[in-house]
Amino acid sequence: MKLLIYLVLLFIAEAEIEICVPAFPIIKSYFNLSEFEVEWLFGANVLAHCIGAIFAGIIGDKYGKKKTMLYGFIILSIGSLVTVIANSYPILILGRIIQGLGMSGPVVVCYPMFIESVKDGAQRLKIIGYFNAAFAFAVGFAPSIGSFATILFGANGSFKLMLFLSVIAVFITHFILKYDDIKSENTDNIGGYLPILKSKDAMLPTIFNNCTIYLPYITMIPLVFVNEMGVSQEKLGFYAGFGAMTWGLGNIFLGHLTKFIKIQNIIKISLSILCFGGLMLLFLALFPHFASPVIITAVFCFTISGFIIPANEFYLHSLDKMPDAKAKIGTIGIVVRFVTGSIATQIASYFYTSNFTSTAFVMCFMLLIIIPSGILMYRRKFLHLKNV
């Protein structure tokens, strides 16, 4: 029950980012915006989230993690209210910024709050899989949920739904969640992040896990699928959800492969999948007339399957190497994930040419960063080559 509460709260916080994405085409028409301006509804949100995340870990240690989570959800509720009543593009952007600041607290402290009570290594690996699955279902199924909310309640339907969910999260955190805050006697300032930034054992897993192709893909496909390929809002939710299901179920079940295959062999296979997936994305970028919603979704799902086991294994490695920096490693990961995701999305939208080409090229470029970091991490962990 305790784990379920944390997963629900994490789902609500993470869903905030993508739940409004299906409404982008409608918002674009309503406010007469360019693709670049529309994508700033995503970019401004994650920029605020990254800024908030930098301080959330420190604030959580100093004033208490539960308070940080509660006040974060309250701020998220305020931002959601602003997006609901927004009657202009600047006010809508303001609401998205407030939402981003609010959700940073719950996202940063949620995992450390739960993992503090878990000591068994195998159980920790399972829990990481569950939290990654919650993130995947949130980012992937949030557009599906937002799509139906848009159909039922109009252009701001997804914002109304987010307001409802954030108020529910405030109630759960304040009245249901049981957690004894332990305030640190020796809190670090921002300089406490420097040892992590200098550690290859922390930063290589962070780069591999968080320079993701997920965010530019899930943010751009509404424009590509709906505007250019004629996909309905209902089917858009299906395509977005299928990618989330691949990542989420993979995190839950693929870990069982370690009972039959050595982990280093699984990681070799996974890195090969990433390479082959990158080649398929490059093909779709160069020959966009071959791209269809089914083919794009299939290539994406195949490619992200190569992330699952290496991401979890490398993340545990970083925690083991720096056991006193769990929250800060998570914070840096969040910042890397959303800064790179936001930049990638903005580039894809800026060079958008009414097809999948710009998105595919951006995803290929991200893989050129991800795959070498995975190879270097493999060599450090399994071949014990510490100079790489």
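Backbone N, Cα and C define each Cβ position, glycine as well.
Under the heading domain 'Major facilitator superfamily (MFS) profile', TrEMBL lists 2-381. Annotated transmembrane segment per TrEMBL: 39-58, 70-91, 97-115, 127-153, 159-177, 207-226, 238-257, 269-288, 294-317, 329-352, 358-378, in sequence order.
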So which of 97-115, 207-226, 238-257, 269-288, 358-378 has the most C-beta pairs under 8 Å when paired with the transmembrane segment (127-153)?
238-257
Cβ pairs under 8 Å between the transmembrane segment (269-288) and the transmembrane segment (358-378), at least three:
yes
Grab the pLDDT values for the domain 'Major facilitator superfamily (MFS) profile' (2-381) and give me their mean, rounded.
86
Answer yes if the transmembrane segment (329-352) and the transmembrane segment (39-58) have at least three CB pairs under 8 Å among residue pairs 6 or more apart in sequence, and no otherwise.
yes
Is the number of Cβ-Cβ pairs under 8 Å between the transmembrane segment (70-91) and the transmembrane segment (159-177) three or more, considering only pairs separated by 6 or more positions?
yes
Recorded stretch that, among 97-115, 159-177, 207-226, 238-257, 294-317, has the most CB pairs under 8 Å to the transmembrane segment (39-58):
97-115
